[in-house]
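Worksheet for the structure shown next.
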């Protein structure tokens, strides 16, 4: 029995296990295994328990041919497809997760295999047999093998769609056996050796987990070293050389050219990470990254930058995963994954929780939500997703916590509602009770939300598909479901309009709102108090936003490229459709805007600087079109995190 020992895959030393030639029963439950090494041997193993691990693949179990009983319940990444794989691979298996699978396994190995073999053979006869010349070259063999394997996995369909992964796996296996047996086409082609090399590279990328400084993870989290991009980077103002050594040496300090040293570079690129890949694939340049938030600083917990007293750990989300990244080192400290989810938003709060002996301690809690309409609540220090709230039946676009009520969470959904939840405080056994306090009815889908800094328990602003709205959120008003209280008008050519998509919204300070419209190149700064006070008391009304200034930005009409602010430094950030980050230092304007007679700046304010996307090459090639979906700085503007449409997280550091 080796259960409950925090064992990781690297702890299963083949040199030791291969000596246990008569071992018949092995219990590896309640550990941290994500896979089995291929050479454990154990030729006489009959019973194996792998419950409560993090297994992602079962094919390595074929090395235990005498296995009769196998359990791997509560491995969240394993599916029905994996059950069928082990039934095929293990000829002596009788019990799987406590159930007798003798008859089903016989069907999988015999009837299912016969049917698939028939379909694979027919596919060759119909589409490929005549393509291979009687006297063929090795190059022709290689080409037709590659085409056939791709075609047969795409077109041979059998059984329910829930087993499609298993069917493709078996079809590939049968097709390779068919080519070897019937036609003498060798399996050891360049294609296969390339696949093996890729697998080895991916394995080495994830293996040095000691590089992550956190304790061994438990629950649904994994401590994770990302697919680090070994790239050639040429920023517009400074050249960088990147090391091509192992992942442990993944960061190379930028080397400034002596002729360029005098140039004013406000920020330099530190890291480019590909840590949200589907299935950890290095070829994934399609996963969109949407949201990032810096972790609040605690006395213990979030890593502090040694020079400035701000956090350097940031939570990012996109695709099926949420990552926690150390901005200075580029290390992905933790990764949380839900195979059926696409995460759109993350938010932090700090809860004072009761720990052992009735002592209280502050812990950072991360909320993550997306396409499934479910909020996941993650206790980061414990590496544990302790609960979920089924908040909406449609996707959640964005979430945010109240700055004054630590348990109050707002969720904005595609169901055209914004809900306020009290998530409660989990006890020492992680029991908690969430309750819905309020529902705000929107006329269109809310995309961004912001609480008014001077009265965060009274008013909430939302940028929506159909305009910018405000709600009264006071809980003592009694009305649980509320319509919006105001809709704001903005300039549109010669007139004012309320009808436009607002896909960027943030407060620059207590009063100045920054909002971005879908109208090309349109970012407005406006006064919350002067706009809202003009409404007066009473019913829902249309209000003209009191515009203070307009920022010069890209002329693209591309939507959902959002903006952010750094209030402590009076900065606004917004990415564009070419991978660039537009930065605006507005400290020279905010004092004038704060006066009651502050007038609108007549001319558009140009960016203080535009950070150009570096000439970045991955495996010798440039990534496709790069959109900057989001860009966020820490509270002191030391680090800038850029999220893109091509599954690349870029981290810049202020010089």
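These residue numbers are counts, starting from 1, taken along the chain as shown.
Every residue, even glycine, has its Cβ placed from backbone N, Cα and C.
Just so you know, TrEMBL annotations are computer predictions that nobody has curated.
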Request  = Name the residue range among 133-160, 161-188, 189-216 that TrEMBL annotates as region 'Disordered'.
outcome  = 189-216
Ask   = Ranges 76-107, 236-267, 268-299: which does TrEMBL label region 'Disordered'?
value = 236-267
Message = How about long-range neighbours of the repeat 'WD' (389-423): same chain, 6 or more residues beyond its ends, C-beta under 8 Å?
response = 291, 344-352, 365, 367-375, 377, 432, 434-451, 453, 456-457, 460, 462, 471, 473
Model confidence over the repeat 'WD' (389-423) (mean pLDDT, whole number) = 96
